[in-house]
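Features reported for this protein in TrEMBL:
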DOMAIN    A:2-178  domain 'Prephenate dehydratase'
DOMAIN    A:194-270  domain 'ACT'
SITE      A:171  site 'Essential for prephenate dehydratase activity'
């Protein structure tokens, strides 16, 4: 089987697919849209993309493409804890410039200010790019903030571990494909994600849409509005609902249709969580 | 009076403050947090920040800072139509590299593919930076996608106008301060923006929160969830409501309190719209 993910090697996405699909052929793509298109074009069996981070919020490129253009659905969710490491080319001790993604830099700001107040900061497109970049410039006084898997991929040495400020930092990844894959991780309750497009009168329609779930006691674990890209104030809504009672959800969806609220299923998926034990053992 | 805005000169933010505060002293800051802090530190009388674009969605840096840290409120909203122009150092005709912000590049992609399929693309932090950068490298075969005001600011020449694909592209800006400023634009109905933090049980609480507005017939023009930055699945909600019946809103807010839903007022503001007439006449 072939699995598409957001590269380069050593990224959090790479760690997720390595953990979920340890024996399959993994193919890196340069951006999220290309990862999804790889499945649509029949190049891979599954595409894995990040959809939400607990600090940054939704990954707009993933959700917008899935809503507006894709016919593919999520068949599994993988939750990855985010830990950031400070790494150098082995043996380096001179540190003048720190490379990383803006979010990792923000998360490590307190550590950097305390230990490297004079270092220059350079922004990169991803943490894994930062790690690869410093490995390609071994003669420079460079350091990267990146995941542990980046250090392994590019032969770098950790000089400080878990430098992120907030402990509760997780990213949700969706496995997009035709059927639930076999994933060697523990799974929890199933969820369903829907995108609702409401008819003209927004406030009443959203209220009615939520009513169809609320009075049946179906838990919502997320609601998020995204612009429809037509005018200010026109949105679609992404909701995540508990899918443990499939019959109740079935009737709620029928009621949505009956009152004129369109919805698209973005996915129906069990949730797998990567624990720190997997992290340590990789 | 002094007004803080997101620089550099020639940005959409700059055009907004020039139009709304034509006779005041304008001060550019390098990022949104610094713009807001300028007011908090007493350096300026008003701070102007972008809060939402009709295509990209909310400006997370603005809303998160206003919710989590700021005590400042929005006292006016300015809606700016977004038009992108292709510009060069006057007299240039050789075009090998196109500089702009990712959103402007995405919006101009169809035009670029049709007219400059071989040009290299370089991403910049903002459209105005792209314009300033090419003006600083007059000997290079560079072109920038940026607003009209950038061309004026940096002495550049437009070689193609309004190259964005979508016509309905607007950005909302908030004027943060102590009282409603005098703005030489037409104003429409007043709105109020609230940030709601819901008690433990999310689905029921959100439904009840929306009920307090729905049954009173108070229009919601936006609802958006943002992560609380604690764990996946914990959110606060930003809602924009029609503030034309102040008494009804007053009672709705009292009811929110009574059922245990905390809210923070992000702003109460009349809405001013910059039309294309202002754009042409600047």
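In case you wondered, yes, glycine gets a Cβ from its N, Cα and C as well.
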* Asked: Counting only residues 6+ apart in the same chain, whose Cβ is under 8 Å from the Cβ of residue A:171 (site 'Essential for prephenate dehydratase activity')?
  -> A:12, A:50, A:52, A:53, A:54, A:79, A:80, A:82
* To do: Report the DSSP secondary-structure composition of the domain 'ACT' (A:194-270) as helix, strand and coil residue counts.
  => 26 helix, 29 strand, 22 coil
* Asked: To what whole number does the mean pLDDT across the domain 'ACT' (A:194-270) round?
  -> 87
* **Three-class DSSP secondary structure - residue A:171 (site 'Essential for prephenate dehydratase activity')** => strand
